[in-house]
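Quick look at what Swiss-Prot lists:
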BINDING   4-11, 133-140  ATP binding site
BINDING   His157, Cys177, Cys179, Cys184  Zn(2+) binding site
Amino acid sequence: MYYGFDMGGTKIELGVFDAELNKVWQKRVLTPRTHYDELLTTLVDLVHEADAQVGVQGKVGIGIPGIQTGDNDALFTANLPAAMGKPLRTDLSQRLQRDVRINNDANCFVLSEAWDAEFRSYPVVLGLILGTGLGGGLVINGRPVDGRNGIAGEFGHLRLPSDALDIIGVDIPRVKCGCGQSGCIENYISGRGFEWLYEHMYGEALPAVTIIRHYRGGEEKAREFVDRFMDLLAACLGNLLTLFDPHLLVLGGGLSNFDEIYQILPTRLPSRLLPIAKLPRIEKARHGDAGGVRGAALLHLMDN
């Protein structure tokens, strides 16, 4: 059996999967935010409860909103303050007396999609989460690419390309990012960026769902804005498609539910690519909120 944990700032979700990726048991608990020992105990108790439910000792994979850094496995994860700077993998492996694997939750999302029955044949899968920020990951031949520092999928912290300024104006504010830099693309093409850009251009703060409703209703400002946003999205994604040349691009997060993306984006991307480049298949994520635990379980299952 394969155990996948999706650890968030407010909840920890555990999904138990068999070798065919069928979910056989699940449980959700609140995330201890202050005390590391309490967090460890919560995870250990969940694993032992799952063992009792399925009658075997499962293999443990964990997706976290952050990265594992350095040689001692210390975590860099602002959303899990109890685990910040702690060697969670080492400590949990010691307590459980079994191998524990940890990866970024966005990598787990992409891994889950890459192992979907419909998508499994694609050698290179690029995934983007257009949510509050812009997360993502790259899976090649069924395995996530982590990089030297574990930040290979932090696409949101690439800077705005020069042709983006032709679309949204050279005087666009270089928004200060949480990473400490300015002009990171997640502040412009994420769900939050979608709303910020609209307010910047039209002086009116509206939620994304309202802007999209106005767009579908034919409202002129919303139509103009979405047209420019799609050009901006294509300009930013064009660099990623040229860099990684994926067979499949999977989109997740709240903005991925704007279904018009899948009709408009393929018409805007070709001019951003090399003339010989063929577009990848572009799809909405198949597994939604369940992708986190599924991908975490795959951190072990992918070796089979």
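Note: Cβ is positioned from N, Cα and C throughout, glycine not excepted.
Sequence features annotated in Swiss-Prot and their locations in the structure.
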residue : record              : DSSP class
Gly4    : ATP binding site    : strand
Thr10   : ATP binding site    : coil
Gly133  : ATP binding site    : coil
Val139  : ATP binding site    : strand
His157  : Zn(2+) binding site : helix
Cys179  : Zn(2+) binding site : coil
Cys184  : Zn(2+) binding site : strand
Residues flanking the Zn(2+) site, with Cβ no more than 8 Å from the Cβ centroid of His157, Cys177, Cys179, Cys184 and excluding those residues themselves:
Gly156, Gly178, Gly180, Gln181, Glu186, Asn187
Alpha-carbon distance [Gly8 (ATP binding site); His157 (Zn(2+) binding site)] in Å:
21
All-chain count of other Cβ atoms within 10 Å of Gly8 (ATP binding site):
16
Of all the binding-site residues here, Gly133, Gly135, which one's CB has the most other CB atoms within 10 A?
Gly135
Smallest number of other CB atoms within 10 Å: among the binding-site residues Val139, Cys177, Cys179, Cys184, that is Cys179
